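Colleague: Pasting a structure below so you can have a look.
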Amino acid sequence: MAKFELYAEVDVSISGHQYPVIICRNGLIDPELINRFITSKQVLIVTNRTVAPLYLGHLQSVLPSKQCDVVILEDGEEHKNQRSLSTIYDSLIQNKHHRDTSIIALGGGVIGDMAGFAASTYQRGVRFIQLPTTLLAQVDASVGGKTAINHPAGKNMIGSFYQPQAVIIDLNTLKTLPEREFRAGIAEMIKYALLVGGSFFERIQAVLQQGLTVHSPELPLLIAECCQVKAKIVEQDERESGVRALLNLGHTFAHALETYTDYKKWLHGEAVAIGLYCAAVLSEKKGLLDKPIVDQVEKMLIHAGLPHKIPNSIDLIQLRELMSLDKKIKNNCLRFVMIKKPGACYIDDSVTEDCLHNTLINVVEGEQK
């Protein structure tokens, strides 16, 4: 059996609950590691049709003494809904899982969100473990305890904050990740670079210029640093009443774009990439961000092979209406995460309709800035 190899461990401590984020290789097939976080005789693995043929058997093999039930869901953001959630509940109930059971999320952000939400609500809360298999889930979605399903009206409208027992990031799972999915995950890394600034921003810029791949030697520690940044923020503000909202940089635009296209045109990270560019242009329009930084953001997204413009087929008025469902809204006021410079972002509730409209027009494909 391949030997377990640890790269880094990030500790997250929220509301008296502490858990590790373990960045490693061969963790998925290490019985000692997995069973450290499984305290009961019952386990439900939630995965999807893409990941199951690749890794489900490996995970089951390290749980031979457990009642190990499995739910295999359809793959894709469009399946992050009440029907899929009910499938998880049905399996838990039909297989007589008790309150001491553990749910394992084996997959990307969609699986983690749904399995986590099921764990937070089944019998008022059971243990769960995140085994993220996409770069986006590893650097962002699996850490911090956000769980949710989508509603036809908008993304992540129904959810909870519920922390896992552990996040085990086995970097070997990235070897089977499609190139497009890998690039989508880079968008969240660029987001962290903009939030943190300094040397981290410069390093992300440099590795993207060189060409960041799954084989890049810098990747494990970059993932660990992203997890550290997120852990530090969510430890201060678990329920997004303050500083955690900064993690939504670019997401007001991204979620509206995803909802507009029924989650069928872009992966989440691709929509975030467009949203980051929109946020940079909006910040420039408000006189906050220098144009050379906007150009740097654009180049980073291009180097990452990500989209950054809104297609001219999108109805901007309808897109603006969808932004009205944004979860950062307070007192009926739409709030945006703005960029003064890399490392200096803040929440702004004073963006005028004219400024927003001009921004949207300027980020449409084929339009001149």
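Cβ atoms here come from the backbone N, Cα and C positions, even for glycine.
Checked Swiss-Prot, it gives:
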{"type": "BINDING", "residues": "75-80, 109-113, 133-134, K146, K155, 173-176", "note": "NAD(+) binding site"}
{"type": "BINDING", "residues": "E188, H251, H268", "note": "Zn(2+) binding site"}
Colleague: Which of D75, E78 has the fewest nearby Cβ atoms, counting only those within 10 Å, among these binding-site residues?
Modeller: E78
Colleague: Just the number: how many Å between the Cα atoms of T176 (NAD(+) binding site) and H268 (Zn(2+) binding site)?
Modeller: 19
Colleague: Calculate the distance in Å between the alpha carbons (Cα) of G109 (NAD(+) binding site) and H268 (Zn(2+) binding site), and round it to a whole number.
Modeller: 9
Colleague: Going by DSSP, is G112 (NAD(+) binding site) sitting in a helix, a strand, or coil?
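Modeller: In the DSSP reduction, G112 (NAD(+) binding site) maps to helix.
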Colleague: Helix, strand or coil at D75 (NAD(+) binding site), per DSSP?
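Modeller: Note: D75 (NAD(+) binding site) is coil by DSSP, not helix or strand.
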Colleague: To test your reading of the Zn(2+) site: which residues beyond E188, H251, H268, same chain only, put their Cβ within 8 Å of the Cβ centroid of those residues?
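Modeller: Counting only non-site residues, the set is L136, D140, A141, A187, K191, G250, A254, G269, A271, V272, G275.
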Colleague: Going by DSSP, is E188 (Zn(2+) binding site) part of a helix, a strand, or coil?
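Modeller: Where E188 (Zn(2+) binding site) sits, the three-state DSSP reduction gives helix.
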